[in-house]
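Trainee: To start, I am sharing the structure in question, which I have written as structure tokens.
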Amino acid sequence: MLSQLRATATLLALFTLLLGLAYPLAMTAIAGVAFPDQASGSLVTRGGVAVGSTLIGQSFTGADYLQPRLSAAGDGYDASASSGTNLAPTSARLAERLRTDGRAMKATTGAALLPADAITTSGSGLDPHVSPAFAELQVPRIAQARGLTPQEVRRVISQNTAGRTLGLLGEPRVLVLGVNLGLDALASNSAAN
Amino acid sequence: MTVVGWLQILVILAAVVAFAMPLGAFMSKVFRGERNVLTPMLGPVERSFHRLAGIDPGKEQSWLGYTLAMLAFNAAGFLFLYLLLRGQGLLPLNPQGFAGLSPDLAFNTAVSFVTNTNWQAYGGETTMSHLSQMAGLTVQNFLSAATGIALAVALVRAFARSGAQTVGNFFTDVIRATLYVLLPLAVVTGLAQVAMGTPQTLEASATVQTLEGDEQTLALGPVASQIAIKQIGTNGGGFFNVNAAHPYENPSPLSNALTIWQMLVVSVALVFAFGRLIGDKRQAVAILSVMALLLIAGIGVAYWAEAAGTPILASAGLDPAGGNMEGKEVRFGLAASAMFAAVTTGLSDGAVNSMHGSFTPLGGMVPMVLIMLGEILPGGVGAGLYGMLLIAIITVFVAGLMVGRTPEYLGKKIEAKEMKMAILAILILPAAILGFSALSAVLPSALSGLGNAGPHGLSEIYYAYSSATGNNGSAFGGLSANSPWWNTTLGLAMLLGRFAYIVPMMAIAGSLVAKTKLAPSAGTFPTHGPLFAGLLAGIIVILGGLQFFPALALGPIAEQVQMLGGKTF
């Protein structure tokens, strides 16, 4: 009995040292050397200032920006409090919100059918992507707000569109932050000219 | 549903089997104590662990000694984790200055991680210090998985040995499972996850200036080291609140495929190891084919249901061809979300990459049913295999009744004692799920936690107790489970689902190991052919159906019918 207790206590202590400290700290050290950007959150900088992460969605409300999906994380895109709505497919609250948002978006875009991600909330509340169809729906608005041709906007979008990985995995997607950085870069280039 | 969607599903499953075969061969060597490719590197560590803890690997235990050692080891792990969580406010590596957890939440969380459930009544990035995540949760992610593997190996030894008294040494099995199987897989795949974008840092957060001029705080931490073992060990407890839906935990379609692969590979490899350890690979193939068949059926139903969408989405003007994207991420889409939901519950993983509570009623019923079937498709590491072997025992018993012969499985006579114990174990699931659900459905303090009304509210209750009893950990997240009632009863359900299942299972192992292994005769019912596989699949579905159909009719099935009738709550 005593030997069992000794084995239990010693093993728990050894495993806590090995798995609870050595393993995560060694992983942190290796990751910091081998993949420093990813290990610290895949941050994007512009003019020396960190403006976001390529992996984490952020809020865009201006007409001149590509707008992301709806978010239930905190007050929207709170990257320290990820969350979905967890509303049921029979939730009256969800139905009401969808009706209102759907009507508004159909009115502003003139589209008869909306893409599946246009007014639904993502799982994480931090979805950094929109579908190519939802991006396309926003092209006229962005072009008008920025005084660009739709083709110019589409070019920026396609530069930030990824297809299925290996032609197989996941779904085609547009990186919202990438598009908006591209749009801003376009604007500052033409201002410089 | 699309062809590409299905191709994705089948390619990931094929990649699992392709790696699980050699891994199973490797594991059979590890648990026989034979020299293997990692011995030169890890042999000295293994020996020093044995020496320091005063364990003689050659000294084996009876089923009872093995079980008691397991219980003591898990009780100590629980106590340590409970105290760590209560006291995290006073301990180092707490950059956000989080306070200690309340008693009921610390109890729930400690039980949750020790039982390999990883139900999370808290949001990781708003509750847990780095020390709690690393020295507490990550350690139990390994040890609860190693416990499951050890128990499964003990049961397999009981079938493999003839007229023996012992089933192995628990401590030795846990040390070997951790050092040779779990740790190397976690290191290699964890680094791959960092390469794909998962953070691994001791910084608590980064603050950025968004393009529209707001501040955004990005929660960071030692994420990769925890989520690698969370998947390899079928634990499922995420670093962040939304688990593998969070872009840091699961940044891309490729990381999503890796994540699904991680959670399946050890459980499938254990089935191959089982075939080698009993010296009959055909038995493993029979069991594996049943697992694959039922799991793919589950994926198919969930995929179909999600692709069908819902009336409220259609009436809001969303393109019906896009399916139900509420609670799902664009980078994964329908196929990878449906597959993840079915796999995480066919296993006892419980990680999620989309919100199950926002699935269509039938789509959300799939993960619920897969948990209710006992999470044996292929089930959590170890727990899936011993769960499946219990069902196999019941299957040969039913077959024996039909032809009037004493049933045998793998050369061991199945008699009254084994059947009593198997039924005792099997009954834990309906007793805990339906019993606790019935109580919660009438208690105001329980009902105040529900996030949705109508039949979906009932589904939230069923799902919570199924997840807890099945040691899964996923949820219909509308339920606010961080209250004394939910924390306590779900904690009890987890303990029952884990240990009240294990003790009778180990009693069977003790009884079987002492029996003489019989050579197959002309009257033996072969358990490697399609006839047995079909019967086994039938027993799984019929047992689950008999136990849970009435409950499901009141929850997800009622919701589906009312949804199609255009009703909301």
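Placed from the backbone N, Cα and C atoms, the Cβ positions cover glycine too.
Okay, so TrEMBL annotates it like this:
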- B:6-26: transmembrane segment (TRANSMEM)
- B:63-85: transmembrane segment (TRANSMEM)
- B:137-156: transmembrane segment (TRANSMEM)
- B:177-196: transmembrane segment (TRANSMEM)
- B:260-278: transmembrane segment (TRANSMEM)
- B:285-305: transmembrane segment (TRANSMEM)
- B:383-403: transmembrane segment (TRANSMEM)
- B:423-443: transmembrane segment (TRANSMEM)
- B:490-514: transmembrane segment (TRANSMEM)
- B:535-558: transmembrane segment (TRANSMEM)
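Have a look at these and tell me how they're positioned relative to everything else.
Mentor: Long-range contacts of the transmembrane segment (B:6-26) within the same chain, counting only residues at least 6 positions beyond its ends with a Cβ under 8 Å from a Cβ of the stretch, are 36-37, 180-181, 257, 260-261, 264-266, 268-276, 284, 292, 296, 299, 303, 335-336, 339.
With a threshold of 8 Å between CB atoms, the same-chain residues lying at least 6 positions outside the transmembrane segment (B:137-156) that come near it are 31, 63, 66, 70, 73-74, 77, 81, 113-116, 118, 128, 167-168, 170, 173-174, 177-178, 181-183, 186, 225-226, 229-230, 232-235, 237, 266, 270, 273-274, 277-278, 380-383, 385-386, 389, 502, 505-506, 508-509.
Here the transmembrane segment (B:177-196) has Cβ contacts under 8 Å with residues 23, 26-27, 30-31, 36, 38, 42, 45-46, 49, 142-143, 145-146, 149-150, 153, 224-225, 227-229, 231-233, 251-252, 254-255, 258, 262, 265-266 of the same chain, all six or more residues outside its ends.
Within the chain carrying the transmembrane segment (B:260-278), a Cβ under 8 angstroms from the stretch's Cβ atoms is held by residues 12-13, 15-17, 19-21, 23-28, 31-32, 145, 149, 152-153, 156-157, 159-160, 181-182, 185, 189, 228, 231-234, 236, 284-285, 287-288, 291, 339-340, 343-344, 347, 349, 351, 378-382, 384-385, 410, all 6 or more beyond its ends.
Long-range Cβ contacts of the transmembrane segment (B:383-403) within its own chain (Cβ-Cβ under 8 Å, at least 6 residues beyond either end) map to 116, 148, 151-152, 155-156, 159, 234, 267, 270-271, 274, 287, 291, 347-348, 374-377, 409, 414, 418-419, 422-423, 425-426, 471, 501, 505, 508, 525, 527, 532, 535-536, 539-540, 543.
Remote same-chain partners of the transmembrane segment (B:423-443), defined as residues 6 or more beyond its termini with a Cβ less than 8 Å from a stretch Cβ, comprise 372, 374, 390-391, 394, 458, 461-462, 465-466, 468-470, 485, 489-490, 492-493, 496-497, 500-501, 504-505, 543, 547-548, 551.
For the transmembrane segment (B:535-558), the residues of the chain that approach it from at least six positions outside its boundaries are 286-287, 290, 293-294, 361-362, 364-365, 368-369, 372-374, 376, 391-392, 394-395, 398-399, 426, 429-430, 433-434, 437, 455-456, 458-459, 462, judged by C-beta separation under 8 angstroms.
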